[in-house]
Amino acid sequence: MFGRTLFPARVIALGSGLFRTPLRTLAAGPALSIGGIYPPIATPFTDKEEVDYGKLHENLQNYSSFPFRGFVVQGSNGEYAYLTREERLEVVRRVRQAVPKEKLIMAGSGCESTQATIEMTVEMAQSGADAVLVVTPSYYRGKMTSSALVHHYTKVADHSPVPVVLYSVPANTGLDLPVDAVVTLSQHPNIIGLKDSGGDITRIGLIIHKTKHLGFQVLSGSAGFLLAGYSVGAVGGVCALANVLGAQVCELERLCLNGRWQEAKELQYRLIEPNTAVTRKFGIPGLKQAMEWFGFNGGKCRSPLLPLTEQEIKELRHIFTVNGWLSL
């Protein structure tokens with residue numbers, strides 16, 4: 001199905017200095033390893049709701065002490081849906097300039113139409129992205145069948161100068177990328193992985209089982225099921241909570257990779273509630289509030305997102321406190 005690509009027998013230079021060819025074979029495995037922990041970084045705004053690049057740079061400097069594999073830029077937690085095209089690209093450029101070359105930059109390039117996604121993908125690569133994270137188009141989700149999604153992602157991957165990572169986030173899109181579509185797309189030589197934020201470990205394990213012979217890589221989309229993801233063969237995680245508890249999320253990764261499952265389980269327990277609080281319960285306003293408590297620049301969200309109420313702030317702080325991450 002994917003015998004011809006846009007870049008046959010050609011080596012592509014990536015922003016990080018890595019190189020890959022899209023002629024992936026069954027035995028070769030992934031040409032770009034994406035295993036590890038990534039915070040999907042928040043976008044700081046000024047009081048006038050303009051992107052605050054100074055505070056963004058400060059956050060990146062503060063994250064430099066953590067053993068992250070890289071950064072997801074302009075993902076859901078970056079409020080990409082509220083940024084202009086130029087803002088999305090400029091944030092990627094600034095992040096690429098601010099972090100070491102060995103840190104992988106995975107940029108969210110998803111748009112609603114295939115053509116717009118292709119254009120954004122090419123521009124993200126030109127702005128310094130090493131790979132792109134492409135969310136499912138969902139405005140017309142009733143028509144987003146497996147066939148439509150396979151067609152969409154195939155065209156994007158055919159035209160992308162960097163590797164493509166699929167992104168399924170049903171809580172935001174109302175659409176779960178079907179397993180059969182993922183399995184089909186895993187055969188495309190320029191589609192190297194999936195970020196699955198749905199939290200269905202049975203589904204994640206099935207995808208890994210059906211695609212591992214291709215070197216396809218699956219990332220858990222939340223710290224809440226990071227241990228479970230590693231237990232079925234995920235290679236890492238894109239975790240909102242890593243914006244707040246970066247060292248602890250990386251420690252959970254280390255424990256899992258070293259087979260220290262009992263210690264990993266105890267740490268995982270203490271991350272579940274805070275993770276839920278900064279994702280499903282309080283969302284990006286909660287994430288940004290928690291970042292402030294831990295010395296990072298969270299700040300305001302862009303409208304129409306509202307800040308937490310005083311009661312919500314108290315509830316959020318209580319959750320971090322009872323799990324041992326903050327004092328009263």
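Every residue gets a Cβ built from N, Cα and C, even glycine.
Quantities reported herein were computed from a predicted structural model and do not represent experimental measurements.
Secondary structure at K195 (active site, schiff-base intermediate with substrate), as computed by DSSP, is strand. Per Swiss-Prot, the feature active site, schiff-base intermediate with substrate maps to K195; the stated evidence is similarity to another entry.
The Cβ of G221 (substrate binding site) lies under 8 Å from the Cβ of S168, V169, K195, D196, S197, G198, G199, G237, V238, C239, each of which sits 6+ residues away along the same chain. The annotation substrate binding site is assigned in Swiss-Prot to S76, N77, S197, G221 on the grounds of similarity to another entry.
Annotation comment: Swiss-Prot describes 1-26 as transit peptide.
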Three-state secondary structure, which DSSP defines for G221 (substrate binding site): coil
Among S76, N77, S197, G221, the annotated substrate contacts, find the widest CA pair distance and round it to a whole Å. 12
Cβ-Cβ distance under 8 Å to N77 (substrate binding site), same chain, at least six residues away: P40, I41, A42, A240, N243, I284, L287
Show, in sequence order, which residues other than S76, N77, S197, G221 on the same chain lie with their Cβ within 8 Å of the centre of the Cβ atoms of the substrate site. P40, G75, Y167, V169, N172, K195, S222, V238, A240, T279
